[in-house]
Amino acid sequence: MLDRKNKPLLIFGLVVMFIILVPLVLVVITSFGNQPTISLPIKGFTFEWYKNILQQPDFVDGFKMSLFVALIASFSALLIGIPAVYALTRYNLQHAEWFQSFFLSPTLIPEIVVGFALYQTAVISFKLPLLISLLVGHFLLCLPYVIRLVSASMLILDPHIEEAAWVSGCTKGQAFFLVVLPNIKASVIAAFMMCFINSFNNIPISLFLNGPALNMLPTAILNYLQNNYDPTVSAISVVLMIFTAVMMWVVEKFLGVNKLVK
Amino acid sequence: MRKRSAILLLLPAFVGVLIFTFYPLIQIIIPTLNQSSDYGKLYLEFLKSSYNQTVIFRTLAIALFTTLVVLVLGLPLAIWIARQDEKVRKLLSVIILFPMLTNAVIRNFAWIIILGKNGVFNDLLLKLHLISAPITILYTNAAIVIGSAYLFLPIMVTSLVGSITELNIETEEAAAVLGAGAMTNLFKVIIPQLTTGILTGCILVFAGTMTAYTTPQLLGGNRHLVMATLIYQQAMTLGDWTNASVVAIILIILSVVIMFAINKLMKKLDRRKVNA
């Protein structure tokens with residue numbers, strides 16, 4: 001039987017886990033190598049490449065810009081998405097399901113096409129500044145996560161407790177912020193984290209919407225990697241992995257990492 | 001009054017998606033149709049070129065192989081994880097989640113280290129005397145499949161672990177008592193109960209691989225373009241935005257049609273299960 005005691009399954013499981021982890025471990029090892037190009041096994045041991053990250057304005061500015069864009073895009077997706085979810089789940093609208101699919105439709109369009117099309121509409125036709133267009137692109141990436149995760153928990157939440165708050169004298173606004181929001185808090189945080197991580201890591205949308213003065217970290221690493229092959233890339237990768245691990249730890253502390261994928 | 005406040009709440013999201021998703025799509029479709037009196041001319045010309053046919057075929061083949069690799073590696077791994085104690089299962093799920101949340105560039109870069117001319121893999125084969133000179137793996141279609149499979153494996157595993165945990169293990173015990181071996185159990189008992197989960201995972205992997213830009217760009221090089229990298233090349237390197245739009249539209253149509261087809265298949269298989 002395929003349970004814990006099945007030997008072939010155990011071996012298979014361990015081998016695949018090994019394949020999943022080893023590539024990332026290799027990246028960590030190469031970041032400490034002494035040679036000017038990436039090679040394994042490494043000779044010597046140095047933190048030089050980590051210092052070199054700070055010498056790369058593309059990486060430093062890119063990190064700040066990616067952080068900024070991810071925060072703004074995630075917050076605006078929550079700000080615009082949550083009211084829409086509330087309307088869809090609480091007003092018995094006639095075409096609620098249609099609206100739901102409409103809001104999820106950006107996921108059906110390949111990310112590279114979102115960036116490509118948005119460049120022509122927002123930047124060329126509407127003459128919007130590049131930064132605004134980039135934020136719009138990342139907002140479109142984030143919105144479906146908010147719609148999906150928050151509406152799942154709104155549907156579970158009993159509408160009567162909100163009505164009870166109205167009867168007890170709360171205005172609609174007070175009832176939402178004092179009663180509804182605390183009850184869907186976990187899904188709002190999960191949605192925010194998914195938005196943030198996906199926006200921060202995104203390349204295809206940013207590809208058409210960045211420029212010399214508007215540098216995102218993932219595209220900066222991509223460009224660097226296409227022109228250089230030194231351990232600076234390994235070092236910045238390790239920094240980003242630590243960043244990811246810290247975020248996962250924070251999520252685990254507050255609501256359990258498994259919430260992110262449910 | 002009630003209706004008005006509902007509309008007010010929906011409006012920002014609705015207008016945002018309409019103006020910035022649908023309007024841009026219409027805006028890129030129109031120039032591809034208006035080039036001459038013959039509406040589909042640009043599309044026919046594009047599809048007639050044998051170079052473009054190769055790119056489309058490569059895109060589909062890479063997505064197909066990636067999906068197969070991910071399924072073959074992911075399903076047993078998901079079963080193994082799902083059958084652990086809750087504590088171990090949680091730990092393994094977190095370990096799987098970590099690469100999933102790590103930037104795609106980093107995960108592709110790791111495979112450049114492994115698959116390159118002087119990479120870890122060639123080193124290993126040379127030391128084992130299996131080959132006498134380094135073989136080329138990086139910048140081939142195989143490298144794109146390996147990189148994409150690595151990218152999407154965690155997604156398949158996480159989505160399967162959930163549904164396997166919910167399976168009733170007594171069904172398998174019953175099959176085992178009646179003489180079913182592990183393989184029979186896998187194909188006759190476990191997989192039939194998982195069709196929805198497996199096909200959902202396959203949609204995610206297939207559509208994701210098919211439309212991905214980063215992996216084919218980094219691991220495929222310039223000679224192994226797929227549709228996503230072709231869009232970028234047409235627009236940014238050649239400056240032919242209309243042609244890039246043609247590729248973009250074909251890519252959207254292909255991915256939506258394939259997702260729709262797998263969905264249909266899923267519903268059909270599900271109905272059969274209900275009837276049986």
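A Cβ is built for glycine as well, from the same backbone N, Cα and C atoms used for every other residue.
TrEMBL labels come from automatic prediction, so no person has curated them.
TrEMBL annotations:
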TRANSMEM  A:9-32  transmembrane segment
DOMAIN    A:63-251  domain 'ABC transmembrane type-1'
TRANSMEM  A:67-89  transmembrane segment
TRANSMEM  A:101-122  transmembrane segment
TRANSMEM  A:128-147  transmembrane segment
TRANSMEM  A:175-199  transmembrane segment
TRANSMEM  A:205-225  transmembrane segment
TRANSMEM  A:232-251  transmembrane segment
Feature contact check the transmembrane segment (A:67-89) with the transmembrane segment (A:232-251), CB under 8 Å, 3 or more pairs: no
Stretch contact, the transmembrane segment (A:128-147) with the transmembrane segment (A:9-32), Cβ-Cβ under 8 Å, 3+ pairs: no
Leading contact stretch, A:9-32, A:67-89, A:205-225 vs the transmembrane segment (A:101-122) - CB distance under 8 Å: A:205-225
Contacting positions for the transmembrane segment (A:175-199) when only residues 6+ beyond its ends and CB under 8 Å are counted: 69-71, 73-75, 77-78, 81-82, 86, 138, 141-142, 145-146, 149-150, 152-154, 157, 161-162, 165-166, 244, 247, 251, 254-255, 259-260
Long-range Cβ neighbours of the transmembrane segment (A:205-225) (under 8 Å; 6 or more residues past either end): 56, 58-59, 61-63, 65-66, 69, 111-112, 114-116, 118-119, 123, 130-131, 133-134, 137-138, 140-141, 232-233, 236-237, 240
